[in-house]
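Some notes on the structure that comes next.
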């Protein structure tokens, strides 16, 4: 059965490359900001490039933060890519500007401390045991990153009632940051799977199978 993915159009992100990548792995893709379509599709993909503040303004302009919250409250799959991952956290700080995010995860997006920025190009990630996102992918696979900001320090609070997110990390120079998160219906990547060749295609295929 073909899965339908709503690709959220809120003025940020390379929609065409994400659409092609999803169609390549068998999804039916609708590029839209319509709340009903975004809420009822099998999956919702949230892209994002540029500044955290600008992305949040665009997202709120189409009520995207509410769409994400509504889907997750009902256990319906959402995936964020690049800044589309960053805005899922509590806040972002860029150029001294503090901006509130969607708040699905605690944590702060901040400037990386590496010498060479942006972090642009191919890099490996620290694949976690039991990962559905990276199923069928080896630990030496490389993924395409392009970013200056990220989540560098994330302390997970655990209790007996909830399952903590499965966090995949990456390192640029000596700076360690969150590369991907799996948290039930909510998945996200700092890298661009749609630009990551066969490995990225397999990851997107895993997400389509997950939804």
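Positions of Cβ are set from backbone N, Cα and C atoms, glycine also.
The domain 'Glutamine amidotransferase type-1' annotation in Swiss-Prot covers 4-211 and is backed by sequence analysis.
If you look up Swiss-Prot, you'll see 82 marked as active site, nucleophile. Other Cβ atoms within 10 Å of the Cβ of residue 82 (active site, nucleophile), summed over all protein chains shown, number 28.
Within 10 Å of the C-beta of residue 192 (active site) there are 22 other C-beta atoms, taking all protein chains into account. Summarising the annotation, Swiss-Prot assigns active site to 192 (among others).
Annotation note: residue 194 (active site) sits in a helical segment as assigned by DSSP. The annotation active site is assigned in Swiss-Prot to 194 (among others) on the grounds of sequence analysis.
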Message = Can you give me the Cα-Cα distance between residue 82 (active site, nucleophile) and residue 194 (active site) in Å, rounded to a whole number?
response = 11
Remark   = DSSP says residue 82 (active site, nucleophile), in three-state terms, is coil
